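These notes are about the structure you will find just below.
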């Protein structure tokens, strides 16, 4: 059965009867360019620039310099990102007894640096945005060395093939993170009122990007929903475990609440586009279709888990504020009664 709209950078694939080790057998059909793929890339990258400009517009230079001079939060984030998470990913893949293709896809996404999506969720969840942007930039640079190292260490269980690290794309990702953020910081320094408008635009763009990503992935890669239960479970567990481990590590080092939230998000949200680029450069067309199942499913579950945690956070804040308001009213009432008795 041919699946319309399934363009995996190369062309269309055909889904046939599922096999024991993968959710579907995919046979190549002559490539066909996808206008939807090109359009989505342009829209998402444009949205990303607006998001990063918005996040940069929340940052004042002094707090950012403090993080750079005393990079405790950044160091803890990198520990979670490149030491803890790849090891956890490796353990999960074995615990779920994943076959070669899903396991490699899982390992690649677990070895990627943090993505810009974490910056938006850090802003929405009252995290430390300067730390978030600094961590995203630092992890992108460190990925030049840590990605090949982690993939070399952990991929031996499934393949001896050397994975191609997309250094150019990593550099582009770094530039697309830093440049608009720096422009936003300049506006915050020079024209604070304009910066406030840019922040709102960035927040709205973030919400649009979340909806667009979920919609476009479902339209362009519908075959991913035919994945096996193991891939579904792994794709749900990986971001969740990443969030929890990131928060736990940050708590162990006694970071404050905004920093704990930021480290948690940076650990749990990976650079999904970078993962897909690595897979396209390393594997041929038919293998790419199989190995991309897990990263594609992760792209959906990661966003959904982030939205769920955002929702839970907002509920907790609402309950806490109501509780604080009730305590304030009670204290004020008791003071009024005490004053009345004195009179």
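Every residue, even glycine, has its Cβ placed from backbone N, Cα and C.
Feature transmembrane segment, per TrEMBL, maps to range 73-95 of the set 73-95, 96-118. Looking at 229-249, 250-270, the stretch flagged in TrEMBL as transmembrane segment turns out to be 229-249.
If you count C-beta pairs under 8 angstroms between the transmembrane segment (167-189) and each of 73-95, 133-155, 201-223, the highest count goes to 133-155. Scored on C-beta pairs under 8 angstroms, the neighbour of the transmembrane segment (73-95) with the top count among 42-61, 133-155, 201-223, 229-249, 293-313 is 133-155.
Across 133-155, 201-223, 229-249, 293-313, stretch 201-223 shows the highest tally of CB pairs under 8 A with the transmembrane segment (42-61). Outside the transmembrane segment (293-313), and at least 6 residues removed from its termini, the chain residues within Cβ reach (under 8 Å) are 22-23, 98, 101-102, 105-106, 108-109, 117, 121, 124-125, 210, 213-214, 217-218, 221, 223-224, 227, 231-232, 234-236, 238-240, 243, 261, 265, 268-270, 272, 275-276, 279. The list of residues near the transmembrane segment (229-249) in space but at least 6 beyond its ends in sequence, with Cβ under 8 angstroms from a Cβ of it, reads 23, 76-77, 79-80, 84-85, 88-89, 92-93, 96-98, 102, 106, 109-110, 260-261, 263-270, 293-294, 297-298, 300-302, 305-306, 309. If you look at the transmembrane segment (133-155), the same-chain residues 6 or more away from its ends with a CB under 8 A from one of its CBs are 52, 55-56, 59, 64, 67-68, 71, 73-74, 77-78, 81-82, 86-87, 89-90, 104, 107-108, 111-116, 118-119, 163, 165, 167, 170, 173-174, 177-178, 181, 262-263, 266, 271, 274, 278.
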